[in-house]
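Listed in TrEMBL:
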ACT_SITE  Asp159  active site, proton donor/acceptor
BINDING   Asn21, Glu395  Mg(2+) binding site
BINDING   Lys28, His219, Leu220, Gly221, Asn222, Gly223, Asp293, Phe294, Arg295, Gly341, Val342, Gly343, Glu344, Asn345  ATP binding site
BINDING   Arg102  substrate binding site
SITE      His191  site 'Transition state stabilizer'
SITE      Arg252  site 'Transition state stabilizer'
Amino acid sequence: MSGVSQVNAGRRADQPVLVVNAGSSSLKYQVVHPLSGDVVADGIAERIGEAQSSITHTQNGRTESDELPLPDHQAAIARALEFFTANGVDVAGADLCAVGHRVVHGGRTFYRPTLITPEVVEEIERLSTLAPLHNPANLIGIRAAQELLPDVPSVAVFDTAFFHDLPDAAATYAIDREVAAAHAIRRYGFHGTSHEYVSATAAEFLGRDYGDVNQIVLHLGNGASASAIKAGKAIDTSMGMTPLEGLVMGTRCGDVDPGMILHLNRVAGLGVDAIDALLNKRSGLKGLAGENDFRTLTEKMAAGDEDAKAAYDVYIHQLRRYIGAYMIELGRVDVISFTAGVGENAASVRADGLAELENYGIIIDPDRNAVRSKEPRRISTDDSPVTVLVVPTNEELEIARQSAELV
Ligand code: ADP
């Protein structure tokens, strides 16, 4: 589903894009030039709808914060627009090429950046059953931005889109076919914008055509996911029907035996909401060590905290399982890229995740791995048959590019 007809023909791709990432009580925004990647400004509004909301805005190297009541997302965007105006940029005027919205779940319907029409809004709403925490919040952001910037075309960029064409064997859960079909149960994958951006950047870094390269991308942030990309096409990913499956995450469990959920219900007496909260909010590193922030976890580990060490070991174990699986699925691996907060910053995770795989052609250079930088960089040795990179992700820029391209 897409509609280009209503696009304002006067918009140019060298105009900046306002990228909006709306969560249930937060809203991140960035105004960025899609061609150069230059960021005009960015900011985050937090605790929207609560008594003590705040907004932080960075522009021209200066960060300003405001603690004020933000009753809803529209109030947050309105306050952001005031920051822009005070800093000499009339975002509400004709300066924007598009507003690009991150939308988490596109289901089977949306697999490309899509101009937002009333019908598209309706469909995103319908898909909320698949992403009850995310799509409604994304829609609030869409409505708020449309209210305040009615003349700027808005575009939805879906987290699931990059994985839309997963091979059936990878996308299908082995459950009763009719039940699965009736309830849209299959593997959709998430973090697609990041996997797409990072894999494209990795191919560019290697100076090779995207379609020629076999890649593993490890997006390790608070949420974490892995993908296998063969000759430019995603063939597998660790997140599934929801962002709960796969790797160990900050607060999410990743893969568990579904029988455990039955046990929690039948034997432990937990209801569906309690199990939901347990698996989404009190599992992962948080559940194992009481701490979901990787930096703090590392500090605790260094101070001899045994739970922190055990959590780290489980995290690495699961990461290596996926790397191993994807190496076999791909047959030949050209490049493995680490990205997001943990992947970009935690050298130990990169070293331990790929330790002792020399027989498989993966040789990490410890000095390169220790380098800190905001640029894409190689951390494997020059003679390592598999190239290993750190590629800082930039989902905002990817959303801006895709939005600008559409309009
Ligand atoms: P998300 O976008 O999913 O919220 P991020 O990609 O920002 O998450 O990653 C957040 C994670 O990255 C946190 O666990 C944080 O502790 C970790 N992180 C950030 N900087 C570092 C660092 N220097 N060393 C280790 N972990 C880090």
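Cβ coordinates are placed from backbone N, Cα and C, and glycine is handled just like the others.
Automatic, uncurated: that is what TrEMBL annotation is.
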Q: Determine, using Cα-Cα distances only, which of these recorded positions is closest to His191 (site 'Transition state stabilizer'): Asn222, Arg252, Asp293, Arg295, Glu395.
A: Glu395
Q) Among Asp159, Arg252, Arg295, the recorded positions in the record, which have a C-beta under 6 A from ligand 1? A) Arg295
Q: Pick the one among the recorded positions Arg102, His191, Arg252 whose Cβ has the fewest other Cβ atoms within 10 Å in this structure.
A: Arg102
Q. Where among the recorded positions Asp159, Asp293, Glu344, Glu395 do you find the Cβ with the fewest other Cβ atoms within 10 Å?
A. Asp293
Q. For Asn222 (ATP binding site), what is the tally of other C-beta atoms lying within 10 angstroms of its C-beta?
A. 16
Q. Which has the fewest other CB atoms in a 10 Å radius around its CB: Lys28, Arg295, the listed binding-site residues?
A. Arg295
Q: List the same-chain residues at least 6 positions away in sequence whose Cβ sits under 8 Å from the Cβ of Asn21 (Mg(2+) binding site), in sequence order, or say none.
A: Leu27, Lys28, Tyr29, His101, Arg102, Gly141, Glu395, Glu396
Q | Residue pair Asn222 (ATP binding site), Asp159 (active site, proton donor/acceptor) - Cα distance, angstrom, rounded | A | 16
Q | Where the record names Lys28, His219, Leu220, Gly221, Asn222, Gly223, Asp293, Phe294, Arg295, Gly341, Val342, Gly343, Glu344, Asn345 as binding ATP, the maximum Cα to Cα distance in Å | A | 22
Q) Within 10 Å of the Cβ of Leu220 (ATP binding site), how many other Cβ atoms are there? A) 27
**Q.** For Arg252 (site 'Transition state stabilizer'), the three-state class that DSSP assigns
**A.** coil
